[in-house]
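Enquirer: Can you keep this structure in mind? I'll have questions shortly.
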């Protein structure tokens, strides 16, 4: 522990970084180290290990599958129950209006929103691992469900300009709604199965592809979709509902074309509700600390709306659309319509993944805040069970709602008990007083939906934020937004995920190429263009690309190397060949010439032109006189160090590129070293049979500084020039003019060209 | 140049790596360096620069567009002409039979293969930059053209079991062939335009996505396609031709179902040709050096085949299918059928890209061998012009043929003149003696095609090769092969490219996570599990992931960090909270207890469990007695160093993850440092507002060793423990038990949990 002691000695005065060790290339380093012998587990051992069975293991397995078994027996009633009850009531009071409102989005009658706010919420209590998220209807998912329902059962099947004030009066509408419910329910069934399968297969990681900018762009687009779909309810206009690509444009156009038929009474009620809800939100935000429980403005608005509507008979006097028939009690379970599956499979995948990623991202935020762990795969299984089982009881796809979850957590909810209580509140409404909400105007629900979009619309601010922080993430946001807005949420999401992956390729494919130089008196090498202090050793070029070397960037790596170092072996070889040919002709022409002179000439040719490009152009454009000038000695490089610090993997194309670089530069007398090649990359290179008798591990150095020192040593031993001219910088030629090694190299190069 | 001198001093005896410098964190380093002032070019300057016009620039532009202007005036007639003539004749002799044979593949009458072997080949002389590749018909491209032609004009339109020996006798067949020619010609037209556009837009780089394993898997599948499509000609069976997914299966099934109708005469002629061709290939290979020119076995076989067929009247006596009508002379130019474009657009893109990548990869091999440069974009333009202009003269899509290119180069071809001569040979045949080939049996052509596939079938050996070198590249090969075989060449290629990109994501997404340790007395840090010599400093963990940190891997980064280091802050906090609560209860229960004792207890709680997992499980399962034991002091870490050497980029998700890691570990009293963060990553972190008053640049160190030394210094100053126990390894606790700093930290942590 030479270091530690050294370091302690100087501890009080200065903290210095002191290292003294041999110059390590990989050959030397590997020779000094002893590889730890690892007996890898055989497949049989692995299987035996994973199949080993014990009661403890079974118990922990059971606990992880049904988490309630673990936490309920230990439930501290005194401490938690009050908080859970308050939180449960507050959340339940939100579940009600949101369930009714989001059912409109899902294109199903409102009562199905209530079913969706009961069954899955109750089930989650048993299987969920997050203590604070509120499962249930959610705008984005409901919108996606609605899009599919409308696509499969379009409005065109019934007359559009229908004039009745009460929609459900018509048998046609009933038939349509029944079919749409079937679609929505089958979608929940299928997305539940998909989530369940993904969870059982431990595929929870798929959500990682939904990066934050993508999700935010996507949800912003969803908010626009939701907003446009609610406009007609707010204005009391009757238009058909659109789905698929450009549905937003069609929806807005349809609303605008019928803007003259606006129902003033509905609009007034709707706008009043919006104002009330916004005031309520503002108060809840401002007096967050003073209020014991946030004001449940949504349920207040619903109650007032229902009262006003019933009192003034809005439905019949003013032809305001109301919620209409809410059947009392629950429905008997029914099997979803399996035949619909092929048509909605892709949508189900999209809903399953979006639903999961919403829930798990929210769950993670709370878990982090309250210091407990959630299990992504178990969450997936829980959501899957909620959707799957719920679908038998006519509920549509659900996930976690952000607004409700925030309320559940902030009102003191401690465990899943709060969620269970909120679902029981919804149940009570369904079985007891649901019919009371029949006169509720739809415009009130539209107002609730729209005000809940406020947070999502705020995400437009992301554009400015990502513009400042990262253009690539801005691009992901914009692509996710635009694609989801115009292609529809399903294809939009797919496009956005594909685009996000392409950005990763792009990042690895177009790296920054830099020439490094030393900060004097240190082992630190930086970009020469960045700092004034950075100096290059004469004759040594250090090249770095901040990416791995593989098929998509190996070509640009080579060309950047030639451009940045200013040495293109092809051009140099071409120039040299030209000169040799001329030399041959000269010998033929004038045999009387001195032999010594021609040898001198050949040596001169060995000097490389600084700029390969220039050399190439000049050789072919110049007269012989000019060529004479061209072959004059010029400052040049003898060593090229490729910094492999940022290289994390190499494929066969990369290895071949590397090998041809080494070969090409060797032909023109430049020694190529590789510095800081990590162990995994070295293993990959070995497997790709990169090392042979021409390229050995001696060309690999532990660090750039090792490689530089080794180059200097090699040079010093060969010509002794370093010691004669210490400290020379920049313009000096340190190229060994006629050492035996280079002489050999030169001969072999000319042999190749012969 | 402190180094250089130091180094020179010890040059003769030992080459040592000696560094003495301050311990650098980024704050300190940036303070000592002066950023070079760079005035970036304004947009106006850039535009002005690129628009600047000069006669020299115009000339070099003209030269790069029409390369023949550059090399022809300087053509050394005496040196090159003989080689070019021999090579041109040898290649032309191959163009003939291959043109006829590949026309069968492209599902057009043989004469169109001859047209395709003339016009584009001649045009390439003017625009191409490669001196050695032989442009013309090529099996894979012809197969792709044939697939599209058959799809657009299927056999079902005419009776299949047609019995005439001479196919072209029928008007139905004529109509079908005319239509197929239209499709093939329009395909050439469109792919030419696409190549031209890509070339003009400098999009030559698209070919980089076709990595070697992909191309090899794809061409192997193409070889299987070609082989199955030729079986019926070899056997003299009449079946329809299939295209699209599973066409290979259908083709083989169709041939097998009619195997009893095999024409024995055709089979004998075909097999004889195959044997002759294989012998010829073998001789050419064995006596490569002794033969001045390879034996043109293909043309010999064609001539013998034609002679035998004419002499024995195979066509009528034995009902062997022959080439049939070869119209003499050239056709007037005609505009391709524009209306077909929408139906074949995707295929044209695939053909354009495959054609280009074949040509450019071959051209690069020769350019490297002979030391000249090719211009990828100009190659794209040249191929585009060849296809585009050729399509007006009824030629189908072409590219470079591997077998012909090898002959052209090995027989001494020096420039594009050889290609021009070979095309003139084809022209002579078309205008003068084409009709002579009319009795040539199709089985001979099938034999030629099949034997030419030999090289591609050898690529099955790749499977073993890639199995040894890289499993990922094996996967790319297999996916490319299987997809191209069963989905058809176009969709197969698309699938393979998508898969190749996903492998890149996969590589960056599932990195290897390692704990590093020091090789004593050096600044070298290696995987602790790999070498025996590697030692860890007690209390310091160095964690490395060999990938960048971004959305797809940040989650696994966090979990791997917790697992590998054995410290999970969440678990520790949960344990601590539990203990504090218990402590609170104890205080309530027994107020008589000494205050000092409880303080001592709290300190004890500050000790972290080694294994977070164990801690979590135990906290919830244990009785209070057991918990007493759990909170006993245990060996632990005080510093966590994240090695950022392999990190090439960070996105917002990565930055947030990093920040939350730092925050979480800080709460449990572990100091997190980042080592060797590269300049671009640091800039990204700055833009992502990663640095604030809690996380500063002082946490970033130039190297792992800097970070380790700094940690030791910090520790030493705080407690003086290091100097008391020098050289301790492994089990010792170096955690500062009660320094003011940690005391504060602990308090704030408990505040948060309160």
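Glycine is treated like the rest: Cβ placed from N, Cα and C.
Residues annotated as domain 'STAS' in TrEMBL: A:530-711. Residues or ranges marked as transmembrane segment in TrEMBL: A:100-127, A:133-150, A:183-210, A:248-279, A:291-312, A:340-368, A:380-397, A:417-437, A:474-506.
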Enquirer: Short question: which residues 6 or more past the ends of the transmembrane segment (A:248-279) have a Cβ under 8 Å from it?
Expert: 224-225, 228-229, 231-242, 297-298, 300-301, 304-305, 308-309, 314, 318-321, 441-444, 446-448, 450-451, 454, 485-486
Enquirer: Using Cβ atoms only, state whether the transmembrane segment (A:380-397) and the transmembrane segment (A:474-506) have three or more pairs under 8 Å that are 6 or more apart in sequence.
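Expert: These two stretches do not touch.
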Enquirer: Residues of the same chain, at least six outside the transmembrane segment (A:100-127), with any C-beta under 8 angstroms of its C-beta?
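Expert: Answer is 65-68, 134-139, 142-143, 145-146, 149-150, 168, 177, 180-181, 184, 226, 229-230, 233, 241, 302, 323-327, 330-331, 378, 381-383, 385-387, 389-390, 393-398, 416-417, 419-420, 422-424, 426-427, 429-430, 434, 437, 440, 442, 445-446, 448-449.
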Enquirer: On the 0 to 100 pLDDT scale, where does the domain 'STAS' (A:530-711) sit on average?
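Expert: Across the residues of the domain 'STAS' (A:530-711) the model's pLDDT averages 75 on the 0 to 100 scale.
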Enquirer: At an 8 Å Cβ cut-off, counting only pairs 6 or more apart in sequence, do the transmembrane segment (A:133-150) and the transmembrane segment (A:291-312) clear the bar of 3 or more pairs?
Expert: no
Enquirer: State the non-local partners of the transmembrane segment (A:291-312) in its own chain: residues 6+ outside its ends, Cβ under 8 Å from one of its Cβ atoms.
Expert: 86, 90, 93-94, 96-98, 100, 269, 273, 276-277, 279-281, 283-284, 318, 320, 322, 407, 410-411, 436-437, 439-441, 444, 447-448
